[in-house]
C-alpha cells in the first residue's frame, strides 16, 4: 500500500548510538538492575521479523486508515532526521509540571523519539517525547527568553553556568540546528498577554470548564494555569485550541463555570467582580478562532504510543470520539485497556509512521508470534512480551504480574510518570512540625502565578467528602491508599481515586480515622510488631530493594520470603503500595506470613496519616 506523504526511511540505529556513549556513562544510581533470566523484551515482535504489513492487515480486517490530513505537524511524518545522540544536554519542560524548565539529557534514541533524563535524578523519572517536540530547547534558551531554569539536584542555583557544567562533566550540548522553529500558526497575536484571564477545559477532568490564566507564552503556544491550583494541572496548547475559550463562554453556552479553589460563594461567581478584584483583563473574545472538528471517526486505524508503556507504539483502532478526544483500542488486546487521548496529542500518528521513522511497531500478537527461549521467564498477562515495568524506565523488563504494566493489579496505577518534585519535597513537608492546615489550602492569590497551594488531586479532595455507608460501598484499602498515603506528596493515581469515588453513591463526610476499619488497630500493631512502631512511611519510601528484603527477613516467620521480594525488585515505594491480595495471590506467600508483612505495611502507612483536622476538613472541589 502506498503511504501518503511518505518520507524516506530514517536510519536510527540505536545500537550505534549506545556505542558512542562510553564517555557519557550515566551516574551509578541510574544503572538498571539485571535479571538472571533473559528478558522477554529481547524477543522481536512479528513486525520486527518482517512478517506483518499495514497493507496486508487493512485488507484482512477490511479496515480504513485514518487519513494523514487529519494529523497535525507534530503527529505526522517528520521532515527531518532525528539528529539527537545519547548524552546530549538540552533544556525542556517537565511533563508533570509544565511551567518548569529543566536540565535534561538524552538517555535513549529510538526512531524519531527520545527518552529524556533529568540530570541529577533517578532514571525512574525519565520520559519519552518526539525529537520535534516544542517542549524541548537548546542549552541557553531559558536565559535568552528569561525563563527560570531548574538546575540539577546538588548544584547551587547562583553557581550554575551551563558551559562550566558541560566542560567539567565532559558533556556535549545538543546542536541548535536540531531545534527548529515550530510555529505553524505564525507569531502570537499581541492580544494574548501573560496574566490575562480566560475559560479553559481541565484536561484531567474534561467535563469541567474552569477559570484560568495565561501563565506563559512561547511562540504560538499558551501555558494555561487554573487559578489557585498547583501547576500539575497546567498545560500548553496552541492559540486555536478548542480547550480555551473567551470569558463568558460558559454562560453563553449553558455550561457551568468552575470558580477558583477557595473562591467565596463559587455558585455566584462573577467575571466582572473577579477581574476587578484581581486587577486583571480578559483575553479579547475576537482573537479566539474556532478550530474545525478533528475529523477522526470510529474504526479508523492508526499508530499510538502506549501510555502504560511509553517506549512502545502499537497498532490501534479508534472506537469512540468526542469533540476534543478519541478513544483508542490496541488491536489484539482486551477492551479494558482502551483509553481516551486528545485528538491533538503528539502520541498518535498515521499508519506507517513507525516504518518511516525507524521505530519498532508493536502489532497484534498471534499465538505463533511469541517465541519463548529455554529457561526464559514469562509474563502471565495475555499479550504482554515482558517489555517495560510498572516502576517506569528504571527497569527495562519484567516477568511477573507484579511488574507488569498491564496486569489487573496495576491496571489503574498511573505508572508512566513519577513526580520527582513532589517526592523531593516530601521529607521537608513531613519534618516541618509547624506545617498547618492553612499552608496546604489555597492562598487566595488569583493572579495566575504559581503559588504553593494544595497539591492534592481534585478527585482525592472529593474523596474526603465521601460518606462510607458500608464495606461494600468503597474499597477501604484503596481509599486508605489515596487519602492517607498520598496526600502529602507520594505518588497517586487520579484514575485510582476516580475508581474509588464511583463505588459510592453518597457524598458527605469520610471517617477521619480510616485505620480503624483495617485489619488491626494501632495498639495491636505496636504489640505484635514492635520493630515497626518508630519507622515512618517517608523512610520506607526511600528503602532500596535490599533494604526491603532485609526488613522482611527480620519479621519472625517471614525469613524465607525475603528472597521473593528481592526477586520481584520491590523497593520501598512499591512495598508501601502492596495489598494483601498482592502478597498472597501474586507473590504466593502463605496467609500467616502475608498478614504479618501486610500489617507492617499498614503500620507504616498509618505513620503517614494526616492530623484529624486535616482529614476531616477536605476542601470543596470543582464540580
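Using the three backbone atoms N, Cα and C, a Cβ is placed for every residue, glycine included.
Here Swiss-Prot flags 379, 384, 398, 404 as Zn(2+) binding site, drawing on sequence analysis. Positions annotated as compositional bias 'Basic and acidic residues' by Swiss-Prot: 10-35. The annotation repeat 'MBT 2' is assigned in Swiss-Prot to 160-260. The repeat 'MBT 3' annotation in Swiss-Prot covers 269-364. What Swiss-Prot records for 370-414 is zinc finger, and it gives sequence analysis as the kind of evidence.
In terms of DSSP secondary structure, the repeat 'MBT 3' (269-364) contains 19 helix, 29 strand, 48 coil. Broken down by DSSP into helix, strand and coil, the repeat 'MBT 2' (160-260) contains 17 helix, 31 strand, 53 coil. Taken through DSSP, the zinc finger (370-414) splits into 0 helix, 2 strand, 43 coil. If you average pLDDT over the repeat 'MBT 3' (269-364) in this model, you get 95.
Long-range Cβ proximity for residue 384 (Zn(2+) binding site), meaning a same-chain Cβ under 8 A and a gap of 6 or more residues, is found for 404, 406.
Long-range Cβ contacts of residue 398 (Zn(2+) binding site) within its own chain (separation 6+, distance under 8 Å): 379, 386, 388, 389, 390, 404.
Residue density at residue 379 (Zn(2+) binding site): 22 other Cβ atoms are found within 10 A of its Cβ, drawing on all protein chains shown.
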